[in-house]
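Participant: Here it is: the structure, laid out below.
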Amino acid sequence: MPNIIHITKSDDLSISNNQLVMIDEDNNDEKNKISLNDISAIVIENCYCKISAILQLRLVENNIPIIICNEKHQPEIHSLGLFNHFQVTLRINEQIEWEKEKKEKLWSRIVENKIENQRALLEYLEKSEISIERLKTYKENLQKDDVSAEHQEAIASRIYFQELYSNSFKRFDEDGVNSALNYGYMILRAIISSKIVAKGFHPSLGLHHKSQFNAYNFSDDIIEVFRPMVDYLVYMYKDILNEVKLSKEIRQKILLVAQQKVLFNNKKYDFFQAVDYYLDSIRNYFVKDEEVIIPTLSVMDYEY
């Protein structure tokens, strides 16, 4: 199972014999040693934590993202290696040349899969049958173009979020639920970005997302089908989140999202593996004209 290291104190982080060494700053004692082979990501939530340059280098070499949060505990910075793939120039040039029509068709497939994952979650939670059927209808009404997909996705998401949290819920309001969603999405986005770079792609060159102000357009395309993983965990704690901001305990729970199982080609993989296979499938779709395999989610397999 992926192991995400959560740093909440002002520890000193270094490396020795390919092991992460955590030193308690208060008494200068070693708290723990963990092999880099057993680490999937490091989340640092204390701005006074110190991390050695050699540790950062080794983490990047091993495609282990370092995610640094701001004072409000929202992910702000994450590490990306510049040359983590031996064919980086070839793959970025391929990415630039991906056909527009194929990108639009793939985006429609991604939205279709996302809506289906949302519908399945509402069904699992025994939410309104009317809302569940409406999501099914929006998915079936998708056409193979960007405009249709964006329109159907927006309507489906509004129904989905209000059914999941409350009729008054609005995405991007400043409240506990939105803070938790943002935290979870940003953690997944950072992990996905590191995987994109490891595959030789550039995270800014998106399929559908194209903003000149967004350095992670491709990451935002990839994350779409995985968002309900975060949504479900936040749903489980929504009554607490309506009253308080993100506690350390809640943040630790949210990190469990990246440790869940995902279905890819009818087999179960952890999230990290599923992203790897998903990116390989996308490249094969554009380069070899193969059918894209898009991950699906299975709520029953989650361990929260």
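Keep in mind that glycine also has a Cβ here, set from the backbone N, Cα and C atoms.
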Participant: Need a hand: TrEMBL gives HIS209, GLU224 for Mn(2+), which of GLU153, GLU163, GLU290 is also on that list?
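Facilitator: Matched candidate out of GLU153, GLU163, GLU290, per TrEMBL for Mn(2+) with HIS209, GLU224: GLU153.
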Participant: Which residues in the same chain, at least 6 apart in sequence, have a Cβ under 8 Å from the Cβ of HIS209 (Mn(2+) binding site)?
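Facilitator: Counting only residues 6 or more apart in sequence, the Cβ neighbours of HIS209 (Mn(2+) binding site) under 8 Å are ASN217, PHE218, ASP220, ASP221.
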Participant: What is the Cβ neighbour count of GLU224 (Mn(2+) binding site) at a 10 Å cut-off, with all protein chains included?
Facilitator: 20
Participant: Test of understanding: give the count of other CB atoms lying within 10 angstroms of the CB of GLU153 (Mn(2+) binding site).
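Facilitator: If we count other Cβ atoms within 10 Å of GLU153 (Mn(2+) binding site), we arrive at 24.
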Participant: What are the other residues, in sequence order, whose C-beta lies within 8 angstroms of the center of the C-beta atoms of GLU153, HIS209, GLU224 at the Mn(2+) site?
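Facilitator: Same chain, not in GLU153, HIS209, GLU224, Cβ within 8 Å: TRP107, ILE110, VAL111, LYS114, ALA149, GLU150, HIS208, ASP220, ASP221.
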